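This report refers to the structure that appears directly beneath it.
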Amino acid sequence: MDTLLTLATLAAAIRLAIPVAVAALGELISERAGVLNLGLEGTMLFGALAGYLATIASGTPWLGLGGGLLAGAACGGVLALLMVVVRADQIVTGLAFTLFAGSATTYLFEQSYTLGQAPPRIPSLSMAPLVVIVLVVLAGVWFLLTRTTAGLVLSAAGEAPEAVDALGYRIPRVRTLATVAGSALAGLAGAMLVCGPLGLFVQNVTAGRGWVALALVVFARWRPGRAVAGALLFGLCDAAQLRLQGTATEIPYEAFLALPYVVTLLALMVRARRSGTPAALAVPFVRGGT
Amino acid sequence: MTVTRDREVASAPDTVLARILRGPDTRLGVVAVPVVAVLGALVVGGALMAVEGVAPLSAYGEVVLGVFGRTRGLVDTAVIATPLILLALGIAVAYRARVFTIGAEGQYIAGALAGTAWVTVGPPLPGFLLLVSGLAVAVLTGAAWAGITAWMLARFGASVVITSLLLNYVAAAGLAWAVRVGIRDPGSFTPQSRPMGAAALPDIPGTAIHLGFFLALLAVPALAAVLRRTRFGFRVEVLGANPEVLAVNEARPARTRLAVLALAGSFAGLAGFVEVAGVTERMTPAFATGYGFTAIIVALLGRLRPLGVLVAALLLAGLTVGFDEAERVFIIPSATVGVIQALIVVFFVAGEALSRRGRR
C-alpha cells in the first residue's frame, strides 16, 4: 500500500479526473439554470465519438476536441427542445437520450470503419494541455456564475424563475442556452477522454463517467471549484484501483473497481448530512402547481 | 422547475409522466402514441438499412419470419421476454409512484448472485426446497439492494436516480469478483459458478421455455390486481399523482417509497434468479447484459401498466430475435435493433409531450 501514492499514481488520477471534471462543470451550468440533464452520459458518448471521427478526418486531436464540443452542443439543442420547449419530463427525457446514445454511437462507430478491420488509433494529446483546458473551463464557469449579469440571470432561472420572468428575461431562452452550453462542455469532456492518452473509441467508452459527474454536482452543492475537487477524488480512487489490480494480490481488484462508486455514494451521504438537510425535505413538495 | 436536493419529487405535476399515468382522453389514444412511436422508429430503422443498401421491406419480412416462421423464433422470444417482463413490472410500479429508479440492473445482478450462491455453495437441500429457498434468497437480496437506495433517500435525501445507478456498478464489480473467486467452480478453468443442479428450472420438454416464463405471465394479472384493488395500490397512485395528499392522509409517503423500491427490487431479484436458473443454469461473467436498462423502455412503452408491460416486452424481445435472424440473411450492423429500440422510446417521450401540448 505504501507504493500507492507515487507521482505516477497522482498523474493517473489527474488523467482520469479530467473528463469527469469538465462534464461536471457542464452539468453544473444547466442545473443552476433549473435543468436536470440526465442525458449527460449520452452527450459525453456522442462527444467522444465525434472527437474520434473528427481527429481521424482532420489528423489533429485539437480539431477532435472542437468536434466533441460541437456534437455536445447539438445534443444540448435536442435535449433543450424536448425538456424546455416541449416540456417533456426531464428525468424520462434524459434517460431516454442516454439509452439512445448508447446504441446510436455503437451504430455510427460500426459504420465508420470496415468490418473485420481494427479501428485506427488516433494521435493523442498529452496531459498538460488538457489540464490547462480544465483550468480555463473552471475559471470561465466560475467567472460566468459569480461575476457576470448573465450568470446571475442563469442562476436565478434555477432559483426563482417567476422573478426572472418578471424582470423581462425569457426563462425558456435562458434554460435552452444553459443546456446547450452545458452539453457542449459534456461533449468536450467525451472528446477529451478519447483524444487524450486513450487515443481510441470503444463501445460505451464513457463507462458511467457521466453519471459520476452528475453525482459530483450534488456532492459539490452546485459550486464549480468543489466539483473539480470531487472529480480529482474520483480520479484518485480510479487510479488506486488500476494500480492495485496488478500489485496487491491479497485484496481482490474488484473491490477497487467498485471503490469510486462506493466513495461517491458515501460522499452523497456525508454531503447531505453536513448540509443540514431538514428531514422534511424527503417529503414530497410540488413546486408552483401547474 | 428548479433543482432541489429532492429532485424526484420536485417536478411540476403536468409532465409527460403524469400524462402517461393519467392516460389520454380517449381509449384510442392509449395505444395511438406507442404505436406511432414504434412505427416511426421502424421507418427510421428502414431508412438506415436502405442507406446500407438493404431493402427495408425484405429485411423486415425476414425479421417477422425469424419470429413467426419457426417454432424456435417464438421460443426465443418468450425466453428473452421473461426477465424483461419481471424487471419492467417492478420498474412500472416504482415509476407510477414517481420514484425514478434506474437500479434494476444492479438489483437483478445482486439477486441472481445471492440466489446462485445459496443453491451452489449453501446448505445441501433436497431439490424442490433448494429451488424455492434459492428464489426466496434472490428476491430478498434484490429487495435489500433496492433498500439501500430507499434508505439513502429517507435518511439523507439522496437522489434515487443517482444512488440506484451507482449501485449498479457496485453490483457489477461484485459479480466479477464472485465468479472469479467467491463462488467459482473450482473445477473450471474459466471464471463461473458451479451448475445449479436440482435448483435449475424445468423446461417445457423439447423447448427452451422454462418455468420462469409462466411465473412472469402469472405476475402480470397478479400485479394488476394488487394495483387496482389493494390499499398499497391506491397509495402508489396517490403518491404518483400528488404526494401531499398522501402526506396529509395519515399514510407516510416515505414508507410508500420504501415499499415500491423494495417491490421493484424483489421483481428484479426474481428476474435475475429465473434467468440464471432457467437459461445458463450457472453464473457467468457475461450475466449482466443490460436487461435492467431495456426494461425501463419496456415499462415506459407499456404505459406503466402490467398488461402494457407484457405487450411491450414481447414486442422488444421479438424485435431482438427477429433481427438476430435477419442478420444471418442481410448485412445489417448489429446495433441496428438497439437504435430502433432507443428511437421507440425517444419518439414515445416526444409524442406524449406533443400530444399534451396539442390539446391546450
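Glycine too: its Cβ is placed from the backbone N, Cα and C atoms.
Listed in TrEMBL for this protein:
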TRANSMEM  B:28-51  transmembrane segment
TRANSMEM  B:71-95  transmembrane segment
TRANSMEM  B:102-121  transmembrane segment
TRANSMEM  B:127-148  transmembrane segment
TRANSMEM  B:160-179  transmembrane segment
TRANSMEM  B:208-227  transmembrane segment
TRANSMEM  B:258-277  transmembrane segment
TRANSMEM  B:283-302  transmembrane segment
TRANSMEM  B:307-323  transmembrane segment
TRANSMEM  B:329-350  transmembrane segment
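Highest Cβ contact count with the transmembrane segment (B:307-323) among the listed stretches B:71-95, B:102-121, B:160-179, B:258-277, B:329-350 falls to B:71-95 (criterion: pairs under 8 Å). Counting only same-chain residues 6+ beyond the ends of the transmembrane segment (B:102-121), those with a CB under 8 A from a CB of the stretch are 83, 87, 90-91, 130-131, 133-135, 137-146, 149, 161, 163-165, 167-172, 174-175, 178, 182-183, 193-197, 199, 264-265, 268-273, 275-277, 282-283, 287-288, 290-293, 295-296. Here the transmembrane segment (B:258-277) has Cβ contacts under 8 Å with residues 82-83, 86-87, 89-91, 93-94, 96-97, 99, 101, 103-104, 107-116, 119, 131, 134-135, 137-147, 149-150, 153-154, 160, 196, 199-201, 210-212, 215-216, 219, 232, 235-236, 239, 283, 287, 291-292 of the same chain, all six or more residues outside its ends.
Listed as Cβ neighbours of the transmembrane segment (B:28-51) (distance under 8 Å, sequence separation of 6 or more from its ends, same chain) are residues 57, 59-60, 301, 303, 312, 315, 330, 332, 336, 339-341, 343-345, 347-348, 351-352, 355. B:71-95 is the stretch from B:71-95, B:160-179, B:283-302, B:329-350 with the greatest number of Cβ pairs below 8 Å to the transmembrane segment (B:208-227). Only residues 6 or more beyond the boundaries of the transmembrane segment (B:71-95), in the same chain, are considered here, and those with a CB under 8 A from a CB of the stretch are 17, 65, 101, 104, 108, 207-210, 212-213, 215-217, 219-220, 223, 227, 236, 240, 260-261, 263-268, 270-272, 274-275, 278-279, 291-292, 294-296, 298-300, 302, 304-306, 309-310, 312-314, 316-318, 320-322, 324-325. When Cβ-Cβ distances below 8 Å are used as the criterion, the transmembrane segment (B:283-302) is approached by residues 20, 34, 37-38, 83-85, 87-89, 91-92, 95, 102-109, 112-113, 116, 120, 168, 172, 175-176, 178-180, 183, 190-193, 268, 271, 275-276, 308-313, 315-316, 341-342, 344-345, 348-349 of the same chain, each at least six residues removed from its ends.
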